[in-house]
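*Asks:* Okay, handing you the structure first.
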Amino acid sequence: IWIYHYFYAEEKLVGNLVSLSKHDRIKAFQKMPESMRRKREIRNKVLREITKKSKGRGIHCGCCTQCLRRAKVSLRRFRNGLAECFHRLNFWHKILKVIGGEFGTSVLSYFIFLKWLLNFNIFSFLINFGFITVPQFVAAEPNNLSFTGLELLTGAGYFQQTVLYYGFYTNATISKTKIDASYNMQLAYIFTVGMYFVICLLILFFSIAKSICRNFINLQVYSGNASKLLCTWDFNITNEKAVKLKQRNLSTQIKEDLAEENKEALNFSLTERIVRILIHLASWAASLGTAVAACAGVYFLSVNNLELFMKGHKKDLESQAAMLVLPVITSLLNAFIPFFYSWLGNMEKLQNPKSKIYVTIARNLILKISIIGILCYYWLTVVAASESQCWETLIGQDIYRFVLVDFIFCLLGSFFGEFLRRIIGTTVCVSLGVPEFDIGRSVLDLIYAQTLTWIGILFSPLLPGIQMVSFAIVFYVKKVSLMQNCQPPRKAWRAAQMTTFFMFLLFFPSLAGVLSVIAVTVWR
């Protein structure tokens with residue numbers, strides 16, 4: 001009787017599985033509390049039943065079903081092969097694993113964000129090059145200016161008569177002959193830039209929503225020390241280096257989770273609370289005052305610099321090279337004021353490292369966005385009202401210089417801010433020790449550079465290509481500097497929600513402000 005009931009239950013189970021769709025059948029197999037061997041036996045019986053039923057249908061129907069099934073299998077194989085190719089092209093997968101295992105998710109979030117921005121610029125460069133630059137080559141006239149090499153720094157001279165800037169592009173309809181199809185360059189230019197920003201908005205909305213679901217809503221699916229200990233090990237890993245890397249990664253994640261759960265609320269007396277509040281207020285007043293002073297200095301320097309340029313020889317390369325003073329001074333302010341903000345953060349003695357990073361990011365964000373806002377006001381009021389033949393090209397050259405100088409200062413910051421700091425901390429002043437990676441300042445540097453690139457797309461369509469190369473170099477320079485000069489955070493803490501915060505900052509105020517500037521420029 002027991003054997004009869006067993007086979008009857010099995011036949012009923014097979015019959016129920018046959019009636020399900022393929023997707024529901026796979027889920028039913030996954031939820032089945034049976035061994036893998038038993039699941040394979042049931043699956044084979046289900047497949048045999050499906051084959052019998054398909055043979056019972058007409059020959060013509062069987063042929064159609066078989067062709068459809070073969071097409072699905074071929075499509076699945078092609079999709080898997082394509083995914084494998086993209087995985088092999090992902091050169092930084094192993095690097096990100098090493099960084100996550102050695103320094104934790106807080107530092108890893110910076111490199112993930114940098115890689116994400118690099119993909120943004122690759123997409124932007126391909127769009128602009130395909131729909132704007134390539135058609136312009138058809139109608140381009142020969143460049144009669146000589147190349148001296150200084151143009152690589154100034155963006156002026158020879159580059160003025162190239163596809164790098166807005167002023168070189170024709171406003172006519174392009175057609176090789178009267179018979180060929182025409183290409184309206186004016187519409188192509190404005191619609192390409194407009195559609196790119198629409199796609200950027202959609203990508204940012206989707207990425208932020210996905211990250212919020214993963215890190216704020218469905219936390220139980222992605223966290224939990226028990227699941228990390230018992231369920232997350234990949235038994236397909238056989239390489240010794242990969243095993244050690246996976247162990248370090250899991251160990252770091254568990255330390256971060258335990259540190260997050262074991263946070264102790266510190267009790268302060270009334271006097272200590274008042275002193276801490278006064279220190280916080282003084283720090284914020286000092287940071288805001290510094291930002292206001294920096295913005296005022298940048299504005300007056302930019303106005304005076306433009307007046308000197310307009311009075312001198314506009315086409316003289318030395319006169320245009322003098323315009324490098326503004327981006328150099330601005331980059332110096334962006335480089336040294338964040339160190340002052342870090343000192344203020346140390347004075348405040350915030351216990352939670354996450355709060356310290358958020359405060360540092362807020363202060364740096366106010367500084368950098370204020371400077372960009374002042375520059376946009378200067379470009380759209382002073383430069384646009386100047387007597388320049390093409391003020392859009394003049395703005396494009398300015399933004400080119402800002403992007404290039406900011407990239408140089410980023411490399412110098414890795415050398416002086418981390419390499420020399422490690423040398424001093426290990427030889428001259430041992431009490432300083434090895435530095436930690438400054439996440440807040442580094443992330444705001446990326447957002448500042450990307451904001452400049454977005455503003456410059458209208459005035460210099462190939463600027464994303466330049467930023468693409470600079471971000472790739474910054475990734476490897478920062479990675480080497482991190483491994484050689486920095487130590488892991490002294491306090492382990494989970495930073496899975498940091499990437500969501502970075503994306504939100506990229507959306508607001510960065511992209512929202514850029515769209516406002518582009519809208520005002522196009523309207524004028």
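Positions of Cβ are set from backbone N, Cα and C atoms, glycine also.
Sharing the record's features from TrEMBL:
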DOMAIN    390-496  domain 'TMC'
TRANSMEM  120-138  transmembrane segment
TRANSMEM  188-209  transmembrane segment
TRANSMEM  277-301  transmembrane segment
TRANSMEM  321-344  transmembrane segment
TRANSMEM  365-386  transmembrane segment
TRANSMEM  398-416  transmembrane segment
TRANSMEM  423-440  transmembrane segment
TRANSMEM  452-477  transmembrane segment
TRANSMEM  498-523  transmembrane segment
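Show me how these features fit into the shown structure, please.
*Replies:* Counting residues 6+ beyond its ends, the transmembrane segment (120-138) has Cβ neighbours under 8 Å at 163, 168-170, 174, 176, 183, 185, 188-189, 192-193, 195-196, 199-200, 203, 450, 453, 457, 461-462, 464-465, 467-468, 471 in the same chain.
Residues of the same chain lying 6 or more positions beyond the ends of the transmembrane segment (277-301) and with a Cβ under 8 Å from any Cβ of it are 325-326, 329-330, 333, 337, 340-341, 344-345, 347-348, 363, 366-367, 370-371, 373-375, 377-378.
Residues 150, 153-154, 156, 283, 286-287, 290-291, 294, 297-298, 301-302, 305, 308-309, 312, 360, 363-364, 367-368, 371, 375, 397-398, 401-402, 404-406, 408-409, 412-413, 417, 438, 440-441, 444-445, 448 of the same chain sit 6 or more residues outside the transmembrane segment (321-344) yet have a Cβ under 8 Å from a Cβ within it.
Non-local neighbours of the transmembrane segment (365-386) in the same chain are 287-288, 290-292, 294-295, 298-299, 302-303, 306, 310, 330, 333-334, 337-338, 341, 394-395, 398, 402, 444, 447-448, 451-452, 455, 505, 509-510, 513, 517, 520-521, 524; each lies 6+ residues outside the stretch with a CB under 8 Å from one of its CB atoms.
Outside the transmembrane segment (423-440), and at least 6 residues removed from its termini, the chain residues within Cβ reach (under 8 Å) are 103, 106-107, 109-110, 338, 342, 357-358, 360-361, 364, 417, 482, 485-490, 498.
Taking Cβ pairs closer than 8 Å, the transmembrane segment (452-477) reaches residues 92, 111, 114-115, 117-118, 121-122, 124-125, 128-129, 132-133, 163-166, 169, 189, 193, 196-197, 200, 372, 376, 392-393, 395-396, 399-400, 402-404, 406-407, 410-411, 414, 446, 510-511, 514, 517-518, 521-522 in its own chain, all 6 or more past its ends.
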*Asks:* Do you know the DSSP helix, strand and coil residue counts for the domain 'TMC' (390-496)?
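*Replies:* Per DSSP, the residues of the domain 'TMC' (390-496) fall into 79 helix, 2 strand, 26 coil.
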*Asks:* Apart from its near flanks, which chain residues at least 6 from the ends of the transmembrane segment (188-209) lie with a Cβ under 8 angstroms of it?
*Replies:* 116, 120, 123-124, 127-128, 131-132, 135, 169, 454, 457-458, 461, 500, 503-504, 506-507, 511, 514-515, 518, 522
